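Taken verbatim from Swiss-Prot:
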type	residues	note
BINDING	D490, D496	Mg(2+) binding site
DOMAIN	556-615	domain 'KH'
DOMAIN	625-693	domain 'S1 motif'
Amino acid sequence: MFNETKKSIEWGEETLTLETGKVARQADGSVIATLGETSVMANVTFAKKQKPGQDFFPLTVHYQEKYYAAGKVPGGFFKREARPTEKETLTARLIDRPLRPLFVPGFKNEVLVMCTVLSHDLVNDPDMVAMIAASAALTISGAPFMGPIAGARVGFEDGEYILNPTVDDMQDLRLNPEQRLDLVVAGTKDAVMMVESEAYELSEAEMLGAVKFAHDAIQPVLDLIIDLAEDCAKEPFDFSPPDYSELSAAVKAAGETEMRAAFAISDKQERTTAVAAARETIMAALSDEQKEDPNLGSAMKGLEASILRGDVVKTGKRIDGRKTDEIRDIVCETGLLPRTHGSALFTRGETQGLVVTTLGTGDDEQFIDALHGNFKSNFLLHYNFPPYSVGEAGRVGPPGRREIGHGKLAWRALQAVLPAATDFPYTVRVVSEITESNGSSSMASVCGGSLSMMDAGVPLKAPVAGVAMGLILEEDGSYAILSDILGDEDHLGDMDFKVAGTEAGITSLQMDIKIAGITPEIMEKALEQAKAGRIHILGEMAKSITGAQDFSIHAPRIETMQIPTDKIREVIGSGGKVIREIVEVSGAKVDINDEGIIKIASPNGEAIKKAYDMIHSIVAEPEEGMVYTGTVVKIVDFGAFVNFFGKRDGLVHVSQIENRRLNHPSDVLKEGQEVKVKLLGFDDRGKVRLSMKVVDQETGEEIKKEEAPAD
C-alpha cells in the first residue's frame with residue numbers, strides 16, 4: 001500500500017532521517033525529517049496554473065508547533081493551538097528566506113509549504129529540522145525549485161564551534177555566558193543563502209568562521225536530500241521562464257531617459273513622484289497588448305534595476321550621491337518625552353525611529369509557554385511600522401510577520417549588552433515607532449533602542465549600533481558593497497546584510513540573499529565595511545549620550561533582598577496575609593520567587609524602605625545581648641510577653657522586670673506599654689528570654705552591673 005523511501009546519516013551527535021511515501025501522499029511533496037527524537041513533517045503543494053494578473057511570487061510558509069509533540073496540553077480556554085506564536089512566526093520567516101530566491105525566475109504559481117512539529121525531544125530545536133524537511137519536500141515535489149538547501153545551528157564556546165547545540169544551551173545566552181553565539185546558516189552546495197544570529201561581541205573573523213563552519217556542516221545533509229530525490233522525486237513541472245525580451249526593449253525605449261532622470265533625484269519623495277511619472281510615460285507609449293502582458297511589472301523592474309545597479313557598479317555613485325561606503329547624516333536626540341522613563345529620536349537620512357523605554361517590575365515580565373517549557377523574559381522589544389512612515393495610506397492592525405521579525409532582530413542586537421537580572425532587577429520594554437523609512441529601519445531601532453535605554457538609566461555594558469549593507473553583483477562578476485542602503489537599493493539589490501554590535505564586536509547579524517548565494521570573500525568584505533560603518537555611527541551616537549542617565553522620577557525603584565528559603569512562608573503568611581499587609585502599609589509592590597529573592601518596587605523611596613524594614617524584621621534573627629524596643633502584648637502571673645522584633649514575642653520573667661520583688665507584673669506594666677528589653681538568650685525549648693531591669697527604660701542604655709541598684 002505504501003511506497004516508502006527512507007534515508008539516514010549520522011549528523012553531529014545525532015541520526016538524521018528523511019522519509020517519504022507513507023504520510024500525506026496527496027501533497028506534491030511530503031517529507032518527515034527526524035533528528036534524535038525531534039520529528040517535523042513538511043508538506044508542499046503548488047498550483048499548476050498562474051493566476052491571471054499575478055505579478056509576484058506567492059510563496060507561503062507555515063510552521064506549526066503542536067503541543068502534543070512534547071506531551072503537553074495547550075493552555076487557554078479553548079485548549080487548542082490558536083494563532084501563531086512569535087517563535088512560529090520567526091521560524092516560518094527563517095524557512096521562507098533561503099527558499100524564495102531558489103525558485104526559477106518568472107515562476108509565479110502559488111506555493112504552500114506547511115511544516116508541522118510532530119515530536120520534540122526537548123534537546124534538538126525543531127526549526128532546523130523543519131528547514132531540512134521543507135527543502136527535501138520541495139526537491140522531490142517537481143516544483144521548479146533550484147535547491148536543495150539545508151540549515152544548521154552553530155554555537156561558540158571556549159573558542160570552539162559547536163554543531164547543533166541543545167535547546168537548553170541556546171535558551172538564554174545571558175544566563176549562559178560561556179555560550180557566546182546562536183547562529184543559523186542556510187545554504188546550497190556552493191553558497192550561503194541566509195544567516196541569522198545572536199552573538200556576544202564576536203569579532204568579524206569569529207563570525208565569518210562560524211558561517212564557514214556551518215556551511216561545511218550542511219554538506220552531508222544536502223547529499224542526503226539529493227540521494228532521497230534520486231530515488232523518489234516526481235517528474236519536473238513543465239515550466240519555462242517567460243521570454244519578455246521584446247517587452248523589456250519596448251519599455252526601455254519608451255522611458256529609459258525619463259527613468260534615468262528620476263533616479264538622479266536624491267530626495268525620496270521627489271524621486272518616487274518622478275519614477276511614477278516615468279512609468280506613466282512608458283505606459284502611454286505601449287500598445288494595449290503590451291499593457292495587458294503579465295510580465296510588464298517584471299520588465300519595469302528590470303529597467304529600474306539596470307539603471308540603479310549599472311550606475312553604482314560603473315561609477316561608484318549611488319542614487320542619493322553617496323559613495324558606496326558612506327553613511328547618511330545622523331541626528332540623535334534623547335529625553336524628548338517628559339513622562340516616559342527613557343526616549344530617543346534617531347534620524348539617519350530619511351529613516352527615523354522614535355524609541356521609548358519603559359521600566360517595569362517582575363510582574364511585567366512576559367510569560368512564554370513553549371514546547372520545551374514555560375519561562376519568563378524580562379526584556380521586550382516591539383517594532384511598529386505604520387503606513388505614514390513611507391507616505392502611504394494602508395492597513396493598520398496587529399503586527400505582521402515583518403514587524404515581528406524586525407523587532408526580534410533588534411532584540412537580539414541589544415540583548416547582549418543588558419545587565420544581569422541580579423544587578424538590574426527590572427523588566428525592560430523598548431518600543432520602536434518608525435516615523436520615517438527609507439531603508440534600514442530595523443537598524444534605526446537598534447541605535448534608538450540603545451540611546452533610549454541609556455536615557456532610562458539602564459546600565460548597558462556598551463552602546464550598540466547597527467547598519468544595513470547591500471550588494472550589487474553583476475553577471476560578469478563585478479560587484480559593489482553598499483553601506484547604509486536606501487529602500488530602492490534594498491528592493492533592487494541582491495543582498496540585505498544587517499550587522500549590529502558594539503565597538504568590541506558583533507551582537508547580531510542577519511543576511512538575506514536574493515540570488516543563488518554569495519562567496520565567503522564577498523561576505524568578509526561586507527563585514528569589514530559594516531564594521532567601519534558601525535564605528536562611525538557609534539561616534540555620532542556618543543555626541544548625544546555616552547552612558548546610563550539618572551532614573552526618571554516617574555520610573556519605579558526596585559530594591560532586592562535575599563532571604564533564606566525557609567523564611568518565604570513567614571513573609572507570605574497564611575493565605576498571603578503577611579505580604580498583603582506589607583504592601584498595604586508600605587505602598588510598595590513586593591515580589592518573591594522560589595529562590596528567596598525579593599524585589600520591592602515603588603517610585604517612592606520611603607515606601608521601599610518601609611517594606612524592606614518590615615520584611616527584615618520578619619526574617620532577621622534577634623541577636624543575643626542586643627537591646628530592643630518592644631510592646632507588652634500579654635501579662636501573666638509569672639511575667640509579661642513583649643513583642644520586640646517584628647512579629648517575634650519573648651518572655652520577661654517577673655524577676656527580670658525590675659530590681660525589686662514584685663507581687664505581680666501588673667504592678668508596673670500594662671498591655672500596650674512600650675518598654676526597652678535586652679535579649680538574654682534562649683531556653684532549652686528555643687523560647688526567647690528577655691530582661692527589662694538591665695536596661696534604662698528612658699534612655700535605652702544597658703545598665704552596667706556595678707550601676708544596678710541592690711535588691
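Cβ coordinates come from backbone N, Cα and C, glycine included.
Of the listed binding-site residues, namely D490, D496, the sparsest Cβ surroundings within 10 Å are found at D490. Under the DSSP three-state reduction, D496 (Mg(2+) binding site) is assigned to strand.
Counting residues of the domain 'KH' (556-615) by DSSP class, helix then strand then coil, yields 32 helix, 16 strand, 12 coil. Residues of the domain 'S1 motif' (625-693) grouped by DSSP class, helix first, strand second and coil last, total 6 helix, 36 strand, 27 coil.
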